[in-house]
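Notes follow once the structure below has been shown.
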Amino acid sequence: MGRLKERFQAFVNNRWLVFVAAMWIQSCAGVGYIFGSISPVIKSSLNYNQRQLSKLGVAKDLGDSVGFLAGSLSDRLPLWGALLVGAFQNLIGYGWVWLIVTGRAPVLPLWAMCILIFVGNNGETYFNTAALVSCVQNFPKSRGPVVGILKGFAGLSGAILTQIYTMINFPDQASLIFMIAVGPAMVVIALMFIIRPVGGHRQVRPSDGLSFTFIYSVCLLLAAYLMGVMLLEDLVSVSHTLVTIFTVILFFLLITPIIVPIALSFSEEPRDPVEEVLLPKSEQQEAGKAEQSDQEHEVIFSEVEDEKPVEVDLLPASERQKRIAQLQAELFQAAAKGAVRVKRKRGPHRGEDFTLMQALIKADFWLIFFSLLLGSGSGLTVIDNLGQMSQSLGYDNTHIFVSMISIWNFLGRVGGGYFSEIIVRDHAYPRPVSMAVAQLVMAVGHVFFAMGWPGAMYIGTLLIGLGYGAHWAIVPAAASELFGLKKFGALYNFLTLANPAGSLVFSGVIASSIYDHEAEKQAHQHHIQLQMSGLLFSGLYGQDEVLKCEGSVCFFLTSMIMSGFCVIAAVLSMILVYRTKTVYANLYGKSRT
């Protein structure tokens, strides 16, 4: 009995259990990605035009990205408290919107609706912050994969919620709003006490690589399964019984990762999470010396970066590593003899712990911010307007594209974390180079949307989803590498402001203005044609419903503009790569030797 209790305690304190619970929270936390499905019912119920709907979209993006309060509370409250605040906001915001859309509450002005959407979506920032902060602290040596998988499940939540909505078979589309108000809150409240740091840096095992491989396999299987189910439901008429079976299998795949913490806790000899206490004294002393040595290394690395000749950066990678190692050894010897006094400049160096105010005066931080603004901002504009884009090209079922972009978004995040980790671990090359590749992929995707060729919606959705998703695996990991983990929550939540800032420009100003202009032109031409044919009765035009635009012209100019800005974003990312080569060589170069 005592042995079983010991194993159960090891299971509760296992970092993989925290990771799996964070995956489950993220899988229903990205309600913003389903805005493309609920926006048509809001638009028709409240008689909004595209510009008004775009303002709701910007409010949604602001809510999803303004995480100052979430970052602050995560430092002051236990993480379960921050999660509870987020669940309450999600329930109040979207719950009230559902009451208004269904006529159960009086219609509010547009500004009040924007506040409700903001409050409801702002709950996501608490979910994201709690999940990322706990898991990055528990897996400090695997930031890329952990961030990629967690952000991937957030991107996949749109497809998951859509499938659950299809199974429940609500009588109207407005019920989808009710589901995203209640569902995430219930899941978060059920899991909030599991999400916490558990000393995961002391739980490293040789089997961790195999565990990550298993998680990646489940991720790929889940994405492939959802893609197949969505295409099947779109192409053929599927009975409700079969939809229910599909959804049950989906739940099984979502639960499958729990095998990892169960296997580690019950199949192997349990290890106390406070592992350092159980070490022999000699090993504890060695661990303490190693930690002190690491701190000295950080100081020496900073000095090397300041003191090295400029020509060192121009050497080939292998020669540069040898030269930096030689300079480092010389500094160590000089400092030990007292011949040189190693001292820090004011403020931290790249790779050390920054506060938000210290990061805000660094060019590298703003390069990340503006590259993210142009890249992810354009991708978010597509996500927010996907319903209108597909309708303008003659597609009736917008849910299929919302679900597909969620799946590609998921694979982009998982793949972005995986491949960017290969770049830094195997080649000691700056992680932002993978962001530049993602932005060039998005530039091509925007061109497909602009042209409106047959099947272009499918290809454009693929490219934009992959590129946009990759941003959110790469940026948090890169920020933690360049600016440290100590204030990661605040740094991450500031960088996410790039998302609504880009959406405000691309969606709130450019896309909506061009769409409404083209819709008015088409309505005017239709009006003239009816007059010429003598079929227009007095007052008929004035009673027209909300203006709609048809054809690729509706988003042609917008998509081409966003494609150009994605190319600019890639250039900014490559400037950041050039500036941080030495940092990544110092951080990861030694692991290759």
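Backbone N, Cα and C define each Cβ position, glycine as well.
No curator has checked TrEMBL annotations; they are predicted automatically.
Since we're looking at a predicted model, the values are computed, not measured.
Copied from TrEMBL, the annotated features are:
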- 15-262: domain 'Nodulin-like' (DOMAIN)
- 359-523: domain 'NFD4 C-terminal' (DOMAIN)
- 16-36: transmembrane segment (TRANSMEM)
- 79-101: transmembrane segment (TRANSMEM)
- 148-168: transmembrane segment (TRANSMEM)
- 174-198: transmembrane segment (TRANSMEM)
- 210-232: transmembrane segment (TRANSMEM)
- 238-264: transmembrane segment (TRANSMEM)
- 365-383: transmembrane segment (TRANSMEM)
- 398-420: transmembrane segment (TRANSMEM)
- 432-451: transmembrane segment (TRANSMEM)
- 457-479: transmembrane segment (TRANSMEM)
- 491-515: transmembrane segment (TRANSMEM)
- 555-578: transmembrane segment (TRANSMEM)
Seminar exercise, completed: When counting C-beta pairs under 8 angstroms to the transmembrane segment (365-383), the leading stretch of 210-232, 238-264, 457-479, 555-578 is 555-578
Exercise. So which residues does the transmembrane segment (210-232) touch in its own chain, when a touch means Cβ under 8 Å and the partner is 6 or more beyond its ends?
Worked result: 16, 142, 145, 149, 152, 156, 159-160, 162-163, 238, 246, 249-250, 253-254, 256-257, 259-260, 264, 400, 403-404, 407, 410-411, 414, 418
For this session: Please give the sequence-distant neighbours of the transmembrane segment (491-515): residues at least 6 beyond its ends with Cβ less than 8 Å from one of its Cβ atoms.
Result: 50-51, 53-55, 57-58, 61-62, 64-68, 70-71, 125, 129, 132, 354, 356, 359-360, 368-370, 372-378, 380-381, 384-385, 388, 475-476, 479-480, 483, 549, 554-555, 557-558, 561-562, 565
Problem set entry | Beyond the flanks of the transmembrane segment (555-578) by at least 6 residues, Cβ under 8 Å | 364, 367-368, 370-375, 378, 381-382, 385, 389, 392, 429-430, 432-433, 435-437, 439-440, 442-444, 446-447, 449-452, 467, 506, 510-511, 514-515
Exercise. Does the transmembrane segment (238-264) reach the transmembrane segment (16-36), going by 3 or more CB pairs under 8 Å (6 or more apart in sequence)?
Worked result: yes
For this session: Please check if the transmembrane segment (148-168) comes into contact with the transmembrane segment (174-198), where contact means 3 or more CB pairs closer than 8 Å and the residues in each pair are separated by 6 or more positions.
Result: yes
